[in-house]
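The next block holds one structure in the form of structure tokens; read it before the comments.
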Amino acid sequence: MRSFRTLDDLPAQQRVLVRLDLNSPVEDGVVQDNRRFSRHAETVAELAEAGHRVALMAHQGRPGRDTFVSLEQHADILAEHAGVDVDFVPDTFGDDALAAIRGLDAGDVLLLENTRMTDDELPEKEPEGHAASDFVETLAAEFDAYVNDAYSAAHRKHASLVGFPLALPSYAGRVMQTEYEANTAIAEREFDGDVTMVIGGTKATDVIGVMEALDETVDRFLLGGVAGELFLRAAGYSVGEDVETDLFDDQWDANEEVIRSVLDERRDQVTLATDLAYEDDDGERAEVAVGDIEEKSQSFLDIGSDTVADYEPVVRDSEAVFVKGALGVFEDERFSVGTVGVLEAIAETDCFSVVGGGDTSRAITMYGMSESDFSHVSIAGGAYIRALTGEPLPAVELLVQSAEREA
Ligand SMILES: Nc1ncnc2c1ncn2[C@@H]1O[C@H](COP(=O)(O)OP(=O)(O)OP(=O)(O)O)[C@@H](O)[C@H]1O
Ligand SMILES: O=C(O)[C@H](O)COP(=O)(O)O
């Protein structure tokens, strides 16, 4: 089997450039702690304790979104989990970043600014193009090795993920190693009974594309979140349109054709919500049957209780359940009913269960469930789901190629 090198193979006393995935929920400008910090902290602590000089890169949000913020707060949260100081420099690869990197002593840890704040990070380019960018060439010159721990971003072909492995000897961090092993095992596992996939969240384009790819391996899709509303819209209900949020219309334009073809060809595989929840004029949770919605005048924030009651037995009768994305805005307790109800049903059965998605897996801790009630809780979203489909992850491929080149 092709494989990459890990921290076990990293020579001593290196200047190491590390890519983490600390992409996190942000509420009112405050970055929310989550298991991405605690898991990556293990890699960071191991590198610092081994006496390497460590500079960390990570991204947060996407340009134009409210979650697109600086990594200053991330440094403090990470330091707390890792038990080592993490300095922060508000620069990606300019003079301030280079001065901070050159000032690192053995065991020091520095976090650089959000990689998506440099214009070189996001352009659609092949790895060779990224490796020739100013960002990669400038930073690579300062280091002996590159460690990629960002399994959950490994499906992206961004400079910090695919450019550096062409410029430096490259290794997988502990999170990359663990997630890769677990998720590859999932892809290879065969199930005799029904396989159910719970699809929700806000990244409709990602999850709908994967629904297409998984038609052979998944017997039933239970839908909620933004993707669920878009499917309801295609089925003729007055939902899935932007009222107070701008989550829906662009995603509808991008996915309408696929959604209609999934509904035409595989309607029996797709289970849609029969009721939805919203905030009424008194600020309370209210529910309405989808057939009674005449025109879209408010945002729907959760699947309704009847839908949860429909979904629970499907989960209980499944041999394997994969979850990608929350069924509602569970961060607000009033709209946690769908996500928590379905997760609790999964936790109570002995089916093989995987919960993926950085945001969604947070609901497990928030609502007092135990990670041990699930077979695997992945901190990856899009990467996890691509692993299920057996699709190669570009950043993993580059780590493997680096190991092959240096063998
Ligand atoms: N109807 C809805 N309207 C708005 N937001 C919703 C709705 N339903 C779910 N969400 C939001 O979806 C988010 C979770 O899904 P999201 O697609 O962002 O990420 P994920 O699947 O957890 O993982 P990752 O971010 O790693 O891809 C939650 O934060 C929740 O508030
Ligand atoms: O949260 C994630 O899934 C990863 O950090 C990738 O983020 P992206 O979908 O904004 O590229």
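For all residues, glycine too, the Cβ spot is worked out from N, Cα and C.
Some features that TrEMBL has for this protein:
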{"type": "BINDING", "residues": "ASP21, LEU22, ASN23, ARG36, HIS59, GLN60, GLY61, ARG62, ARG116, ARG156", "note": "substrate binding site"}
{"type": "BINDING", "residues": "ARG36, ARG116, ARG156", "note": "(2R)-3-phosphoglycerate binding site"}
{"type": "BINDING", "residues": "GLU331, GLY357, GLY358, ASP359, THR360", "note": "ATP binding site"}
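Listed binding-site residues: HIS59, ARG116, ARG156; maximum Cβ neighbour count within 10 Å falls on HIS59.
Among the binding-site residues listed (ASP21, GLY61, GLY357, GLY358, ASP359), GLY357, GLY358, ASP359 have a CB atom closer than 6 Å to some atom of ligand 1, in sequence order. Cα spacing between THR360 (ATP binding site) and ASP21 (substrate binding site): 16 Å, rounded to the nearest whole number.
Nearest Cα neighbour of ASP359 (ATP binding site) among the listed binding-site residues (ASP21, ARG36, GLY61): ARG36.
The binding-site residues near ligand 2, defined by a Cβ under 6 Å from one of its atoms, are ASP21, ASN23, ARG156, GLY358, chosen from ASP21, ASN23, GLY61, ARG116, ARG156, GLY358. In sequence order, LEU20, ASP21, LEU22, ASN23, SER24, SER152, GLY358, ILE379 are the residues near ARG36 ((2R)-3-phosphoglycerate binding site), counting only same-chain partners six or more apart with C-beta under 8 A. Put simply, ARG156 ((2R)-3-phosphoglycerate binding site) is 13 Å from GLY61 (substrate binding site) when counted between their Cα atoms. Distance between Cα atoms for GLU331 (ATP binding site) and ARG156 ((2R)-3-phosphoglycerate binding site): 27 Å, as a whole number.
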